[in-house]
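Chemist: Per TrEMBL, the features are:
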| type | residues | note |
| --- | --- | --- |
| ACT_SITE | HIS140 | active site, proton acceptor |
| BINDING | CYS148, CYS151, CYS199, CYS202 | Zn(2+) binding site |
| DOMAIN | 16-291 | domain 'Deacetylase sirtuin-type' |
Amino acid sequence: SVSRASPNLTFVPACLPPDPVEVEELQHFVSNSKRLFVMTGAGISTESGIPDYRSEGVGLYARTDRRPVQHAEFIRSASARQRYWARNFVGWPQFSSHLPNKAHLVLRDWEKLGKLHWLVTQNVDALHSKAGSQRLTELHGCTHRVFCLACGDRISRSELQEHFEALNPTWKAEAFGVAPDGDVFLTDEQVRNFQVPACRKCGGILKPDVTFFGDTVSQEKVSFVHQRLAESDSMLVAGSSMQVYSGYRFALAAREKKLPIAVLNIGPTRLDHFASLKLNSRCGELLPLIV
């Protein structure tokens with residue numbers, strides 16, 4: 001089920017309502033597309049109450065000096081993994097309960113109508129899946145899945161939560177603020193006694209099925225997305241500044257193929273100088289206006 005409540009604008013940068021001219025321009029763009037390739041970023045999920053990293057004034061980087069976990073640090077350091085999983089354990093009940101907003105539902109509907117050829121999301125929050133999107137690639141993985149670095153065994157994040165609870169029956173921690181990827185802010189003192197389970201099959205290290213900062217997306221997944229882009233006739237970027245190269249490369253490929261590119265994002269993006277259309281509006285406010 002999807003909440004019909006008003007959007008949560010706590011983490012959405014201030015912006016003007018959609019301009020009727022912009023609505024008409026995006027309508028024309030979508031109407032002319034037969035096989036639309038869509039890429040979404042954190043800005044499509046902020047209206048579901050999930051903060052992003054880079055938004056001016058309200059993103060994590062603007063509000064705190066905190067930075068996301070680095071891939072090499074997670075692999076190398078047991079204390080880094082303990083800190084990550086303790087924070088994630090506290091944040092998971094809230095993070096996993098977030099629901100899709102109107103923008104996610106519109107893209108699902110476009111897929112059902114045969115308008116949307118493929119959807120690639122840079123988000124790890126599973127909101128597109130919750131909305132019902134099928135023609136979907138989660139470029140950076142999904143926090144709702146966990147796997148073993150040694151043997152590859154996979155379990156759901158909700159099942160791991162039960163293991164955490166069994167190992168830490170008396171452990172309690174009060175969170176200080178929420179971060180974009182489902183964790184919260186805890187002190188070193190709070191984390192110190194938190195127990196982290198090993199893989200149930202081989203005793204290996206468990207890691208969320210996401211691409212951490214400093215890691216790379218698999219070549220197989222990149223090739224698959226390039227194939228879907230090659231089948232498309234236009235590209236829409238929604239809710240992303242495209243600062244991360246793993247997503248930006250597909251916009252560069254679209255430009256090389258001379259595909260029309262529309263960008264819907266509050267604030268500047270790396271595509272602004274070559275996009276056919278740039279719109280500064282909330283995804284959940286503008287996309288539902290497109291027929």
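The backbone N, Cα and C atoms fix where each Cβ goes, glycine too.
Whatever TrEMBL says is automated annotation, not expert-curated.
Given the structure is predicted, the values throughout are model-derived calculations rather than measurements.
Help me picture where these features are in the structure shown.
Modeler: Cβ neighbours of HIS140 (active site, proton acceptor) (same chain, under 8 Å, six or more residues apart in sequence): GLN122, ASN123, VAL124, VAL210, THR211, VAL217, SER246.
Close to CYS202 (Zn(2+) binding site) in the fold, though at least 6 residues off in sequence, lie CYS148, ALA150, CYS151, ASP153, each with a CB less than 8 Å from its CB.
Averaged over the domain 'Deacetylase sirtuin-type' (16-291), the predicted model reaches a pLDDT of 91.
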Chemist: So of CYS148, CYS151, CYS199, which of the binding-site residues has the fewest other Cβ atoms within 10 Å around its own Cβ?
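Modeler: With the binding-site residues CYS148, CYS151, CYS199, fewest surrounding Cβ atoms within 10 Å: CYS151.
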